[in-house]
Amino acid sequence: MSHLTTFLVFFLLAFVTYTYASGVFEVHNNCPYTVWAAATPVGGGRRLERGQSWWFWAPPGTKMARIWGRTNCNFDGAGRGWCQTGDCGGVLECKGWGKPPNTLAEYALNQFSNLDFWDISVIDGFNIPMSFGPTKPGPGKCHGIQCTANINGECPGSLRVPGGCNNPCTTFGGQQYCCTQGPCGPTELSRWFKQRCPDAYSYPQDDPTSTFTCTSWTTDYKVMFCPYGSAHNETTNFPLEMPTSTHEVAK
């Protein structure tokens, strides 16, 4: 076999392996209103009308990644504008994280033990109901999860903001809520979120019940906004306009 042929075979195998190893993410809007989906560090952003999907690929090793939805946005032809919830610096294609409140899907691909780590988090608050999980469930904690409770409608008065339910750290600050220095535990407010979304992260060290894993290399994922087709599984009155009154997966 010539050196050229050997190189071409090696290149083809490397390309196929890399392509196969890349995680495919589908982000689907099932809400009865427009959602401006966002994803970093891979993806950027996309406007999704009801029933539309957006696909992107995240390479192995992608970490500290987030997917979320933005509401009540207005962008010009150059992709500059503003969103009421989840805004990421006034651009359509996000380069950084969104401004709370926003319901988060978080993931890190191909980490230790050849596992993907992923979760739903309400540490940054809540704006849109969400489900997240592998397209083909596997053993153990490789199955779909959701956060679809009527959090906006039941939000405590101290956390209510237009279009969402804010998080205690942004609202009050301090170690008790932000958990930035050493160990910390749940608070009354984080328990309030946890009761409504038991699979979701409710405070930064909520790992035991909120981190999910799937085998790397072969797993694709789907994020769905409003999996029940409305605000949650009981009402269609969403998004709610309310009077005005960060955890990281495997690094």
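Residue numbering: from 1, along the chain as shown.
Backbone N, Cα and C define each Cβ position, glycine as well.
Since this is a predicted model, take the numbers as computed values, not measurements.
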Member of Cys155, Cys169 annotated by Swiss-Prot as disulfide partner of Cys165: Cys155
Swiss-Prot annotation, disulfide partner among Cys83, Cys88 for Cys73: Cys83
Conformational class of Cys169 (disulfide bond) under the three-state DSSP mapping: helix
Packing count at Cys169 (disulfide bond) (other Cβ atoms within 10 Å of its Cβ): 23
Residue with minimal Cβ packing [other Cβ atoms within 10 Å] among the disulfide-bonded residues Cys31, Cys73, Cys165, Cys179, Cys184: Cys184
Spatial separation of Cys142 (disulfide bond) from Cys155 (disulfide bond) - C-alpha basis, Å: 30
Candidates Cys83, Cys88, Cys142, Cys197 (disulfide-bonded residues) with Cα within 10 Å of Cys179 (disulfide bond): none
